[in-house]
Amino acid sequence: MTIALGRFTKEENDLFDIMDDWLRRDRFVFVGWSGLLLFPCAYFALGGWFTGTTFVTSWYTHGLASSYLEGCNFLTAAVSTPANSLAHSLLLLWGPEAQGDFTRWCQLGGLWTFVALHGAFGLIGFMLRQFELARSVQLRPYNAIAFSGPIAVFVSVFLIYPLGQSGWFFAPSFGVAAIFRFILFFQGFHNWTLNPFHMMGVAGVLGAALLCAIHGATVENTLFEDGDGANTFRAFNPTQAEETYSMVTANRFWSQIFGVAFSNKRWLHFFMLFVPVTGLWMSALGVVGLALNLRAYDFVSQEIRAAEDPEFETFYTKNILLNEGIRAWMAAQDQPHENLIFPEEVLPRGNAL
């Protein structure tokens, strides 16, 4: 019996090996397998947005001007959502709505679905890029896990929320002022600021900003060797091989300030990862709830008493009145296709009036 020892080697590389070698080659801008998803999707999403904000009107979908060509600026231009009558159509260029007519496709809001879907897959491609590079250089995948937070928010706000409503029309349009309008809509129709998931999201994002500022300041404060530079600017040398700040000193400082402090770098940095990512995920879950029209806190007893007693008001009841005002004033302008008309006497007024 013959026993062959050694490793099996293929005489010729197949197509997969050739592609793998080219895609993962060390170059200035890494491509990778994830790049096959990331780069085309990012290119089309950004290209669609620039095209829409430059040339495409929203007259046929919202009755609005939304492009530089019509006189908008960077803050007021937008790629607007399709009309409510188009419901959840993917609005493919070759679909039954546009039938291959590019101009008609733009007028119907096809660029919005184009940008939203390519944007979502572009973000997913960027997360996969972080996974791929982490594996290549033998890192843990925490960067990719952290980036799942922004992806969850994007998908929940731009895709899941309108899927739960009557159509893409109720998603945010892609523009600065358009996003502000969407925030006002969320407050008026969902009382979003009183939603506990929104509260957790705010705590996560602002808490992360606070942690970031404290951490950066503490590291700068506890440097014991800036480098061997003769002046301040050469001393902040980013190529130093070793850490030159004192965790012990930082621990002693914050122990005196708060009575407690991080004594372990891994726990400290994991906490800085955990706070914002958890906040983003919680806010995304809250938006999924809004897609199903789940309500925030309702303090009905205060509303009943405020209705019965003109002298009783709380900040909550005032906000509820403001929400009613947003709904009444906004709906007629925001949904012109409904032909809503509210007589003056039904528009909400505060107790003081």
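Glycine is treated like the rest: Cβ placed from N, Cα and C.
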Of 20-40, 41-61, 251-271, the range Swiss-Prot labels transmembrane segment: 41-61
Range annotated as transmembrane segment - as stated in Swiss-Prot, picked from 83-96, 153-166, 321-334: 153-166
I'm validating the feature mapping. Which of 177-193, 279-295 is tagged transmembrane segment in Swiss-Prot? 279-295
Identify the transmembrane segment range according to Swiss-Prot, selecting from 208-228, 229-249. 208-228
List, by number or range, the same-chain residues at least 6 past the transmembrane segment (153-166) whose CB is under 8 A from its CB atoms? 81, 84, 87-88, 116, 119-120, 123, 172, 280, 283-285, 287-288, 290-293
Taking 41-61, 208-228, 279-295 as candidates, which has the most Cβ pairs under 8 Å with the transmembrane segment (125-141)? 41-61
Hey, does DSSP put His269 (Fe cation binding site) in a helix, a strand, or just coil? helix
Surrounding residues of the transmembrane segment (41-61) on its own chain - C-beta under 8 Å, 6+ positions past either end: 67-70, 72, 77-83, 106-109, 111-112, 114-115, 118-119, 121-122, 125-126, 169, 173-175
